[in-house]
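Student: Pasting a structure here, questions to come.
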Amino acid sequence: MWLRLGPPSLSLSPKPTVGRSLCLTLWFLSLALRASTQAPAPTVNTHFGKLRGARVPLPSEILGPVDQYLGVPYAAPPIGEKRFLPPEPPPSWSGIRNATHFPPVCPQNIHTAVPEVMLPVWFTANLDIVATYIQEPNEDCLYLNVYVPTEDVKRISKECARKPNKKICRKGGSGAKKQGEDLADNDGDEDEDIRDSGAKPVMVYIHGGSYMEGTGNMIDGSILASYGNVIVITLNYRVGVLGFLSTGDQAAKGNYGLLDQIQALRWVSENIAFFGGDPRRITVFGSGIGASCVSLLTLSHHSEGLFQRAIIQSGSALSSWAVNYQPVKYTSLLADKVGCNVLDTVDMVDCLRQKSAKELVEQDIQPARYHVAFGPVIDGDVIPDDPEILMEQGEFLNYDIMLGVNQGEGLKFVEGVVDPEDGVSGTDFDYSVSNFVDNLYGYPEGKDTLRETIKFMYTDWADRDNPETRRKTLVALFTDHQWVEPSVVTADLHARYGSPTYFYAFYHHCQSLMKPAWSDAAHGDEVPYVFGVPMVGPTDLFPCNFSKNDVMLSAVVMTYWTNFAKTGDPNKPVPQDTKFIHTKANRFEEVAWSKYNPRDQLYLHIGLKPRVRDHYRATKVAFWKHLVPHLYNLHDMFHYTSTTTKVPPPDTTHSSHITRRPNGKTWSTKRPAISPAYSNENAQGSWNGDQDAGPLLVENPRDYSTELSVTIAVGASLLFLNVLAFAALYYRKDKRRQEPLRQPSPQRGAGAPELGAAPEEELAALQLGPTHHECEAGPPHDTLRLTALPDYTLTLRRSPDDIPLMTPNTITMIPNSLVGLQTLHPYNTFAAGFNSTGLPHSHSTTRV
């Protein structure tokens, strides 16, 4: 900080004192030094006009200044008739546009009940601070911020820390290594010049939230840009009602927030070269909901050619909250609240356009727990089909992908039922699992089996009575289901055909009062390390007590992330070396982050003791991926396999299925409405909240009949699969034995090919005898797909009352029970030509 001195006195003195002369001299020197160090404001041309930014120094000797261009428009304001429509390119401007202030944020409301379970801890713990970032929202909000490094200081700082007498250090320290400067004087060091001397890689950050809130203004990309020598871009996109409202037809197709992101990427691809960026090395990255957006962008053919790599932090398109399968339901609720619920969807949308943005975003529309009210939808265009189907079809194989999870992502799911001092009681544990099953899976006939199996899998039987152990396993339950399993499945599908894939597990978090002391690395805890916050100290959003270890780990993470943006390999070109920060050797120097593949499933453990490990939580991933979908429909198999098992009588004590919050505590999540499939008979057996339920039963002694039923059910399932496997193997063996007998003679077989007869022969051979009646329940080809059980996973990701998946050419998200909407049209029948921007919704849904 400059020493601020006042001007000298104008009174004349025949004999000025020495102190006055010294003061005057220092004042002039200060002015001269300030004038000499003040760099001119940087300017840059774009296709739409000229921008004036600001050169901002960073408060660290190892970080060079960054040119910031804030509030750059990437699309026309989506206001008036353009609300609920895809974005259009921005208008051009004359003269020089000032880009030195953050733009307005998109309309949102954080004063209602925010879905804390999907938001990072640093967001929910600082809502008062977050509110200062979203003041004065405006629908004219489609802007981005560009952070451009001016010096490549990381390598020179490390060299000067180790060899302060080197010539490049004597020339002016970190400021000596200017862009384009010749570093021939490398003193013979082999790895002296490892920087990008040409166009710089570009990293575009998609902010998270819950699709309802957030802004790119909250994240400063300066440190990441300076340390990693990359251009970092943050952006705003429409959120909530304005970004994701959908009527399920052409009136309002939805996905406007995703289309904003695509338009921003198009702007970056066309203009980043003016900033010194490389349009052929654009990486999109995000955390949480932002990661889900990144995952969805890799599956949309409208993103093709706009970026080459993706970093998916703690999220996936396969998570239950990634896609909204019931948009019409929540659109109807919103229309009811604001007086626009008319039968014709076009009239409904016109009515919603007449409402103010404030009135729309202030409506409290709460989704089912673990789902979203307004988010991306399967529209047959931007998202052509269910994300898992698109992944299986290889839609994202052209991208290099790095993805991972944090150790304790599910903290917020547990905090509401946990006493930080005492852990989780047995009753709380049982209630949490029951509530989880009810809200996520609805009320299937096999709910009891599903619930008890989950409780069985997440009980530490060596320490089952320890409340702290229950707390740990409960966090693991939510972490595994909501983050780990979707991420691992995404990695498996991407790496199946050899596409570059890297997986990590983040095990570190800063010390702060935002979280309980017992918590691990929670959702969003990797964000400050990715953006280098420990290097400059605590901030308003990240009030942590950062140590040298935090600074070192942040440097490591930024090196991995920017290396991946540069080459697609997090190990190169910049090696892990942080001796200029920490005197101790960096353990990451000896760790090589291996590629992920479905067989070995290698991943990097990111923490103070890094190591490459394999098969991250493989047992739990297999449980959620394979067994739970099978148990979800297990009752269907019992109809024809369980003929000797006696069904236990219904429990009349209401103790095993009670959903009342024990000990008088309140539970913030409402039980979903009973679906039509839930019979009156079952409803009569449920607990009535208006009547006195009596005291809860003590946990011990415990009735193990349910666990025994679960064991028998699982055993029956495995026996059934073994029968199928034996039948398939027997058939293949018998077929091979008969192949020589079926081989036609050369004279008879020369006239007609064998291909035409093969399907009929296989079909006849698959018709087994009467002793194999279990195998006749489905088509033959389903019987032999032993490694691919009936895929109920798509159903389980949906809300309890969702409809089955239909073909991409039909509406896939409208419940049959919704009354009052007109007949909808296939997505490939839109009239072309209403949108001249080259954006989606005017194109065919068929990829050429």
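Placement of Cβ uses the backbone N, Cα and C atoms for every residue, glycine included.
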Student: Which residue in the list Cys106, Cys160, Cys169 does Swiss-Prot annotate as forming a disulfide bond with Cys141?
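Tutor: Out of the candidates Cys106, Cys160, Cys169, the one Swiss-Prot links to Cys141 is Cys106.
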Student: Among Asn545, Asn835, which is annotated N-linked glycosylation site in Swiss-Prot?
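Tutor: Residue annotated N-linked glycosylation site in Swiss-Prot: Asn545.
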Student: Which is it, of Asn98, Asn545: the one of these glycosylation sites whose Cβ has the most other Cβ atoms within 10 Å?
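Tutor: For the glycosylation sites Asn98, Asn545, the Cβ with the most other Cβ atoms within 10 Å is Asn98.
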Student: Can you give me the same-chain residues 6 or more apart in sequence from Cys106 (disulfide bond) with a CB-CB distance under 8 Å?
Tutor: Pro137, Asn138, Glu139, Cys141, Thr215, Asn236, Tyr237, Arg238, Val239, Leu242, Gly243
Student: For Cys351 (disulfide bond), what is the secondary structure by DSSP, using just helix, strand and coil?
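Tutor: DSSP assigns Cys351 (disulfide bond) to helix.
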Student: As a test of reading the model: what is the averaged pLDDT for the topological domain 'Cytoplasmic' (731-848)?
Tutor: 41
Student: Count the Cβ atoms, other than its own, that fall within 10 Å of the Cβ of Cys141 (disulfide bond), considering every protein chain shown.
Tutor: 26
Student: Among all protein chains shown, how many Cβ atoms are found within 10 Å of the Cβ of Cys351 (disulfide bond), not counting that one?
Tutor: 16
Student: Spatially speaking, which of the disulfide-bonded residues Cys351, Cys510, Cys544 is closest to Asn98 (N-linked glycosylation site)? Use C-alpha to C-alpha, please.
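Tutor: Considering only the listed disulfide-bonded residues, the nearest one is Cys544.
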Student: Hey, of the disulfide-bonded residues listed (Cys340, Cys510, Cys544), which one tops the CB count within 10 A?
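Tutor: In terms of Cβ crowding, the pick is Cys510.
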Student: Can you tell me which recorded positions out of Cys340, Cys351, Asn545 are within 10 A of Cys510 (disulfide bond) by Cα, answering none if there aren't any?
Tutor: Asn545
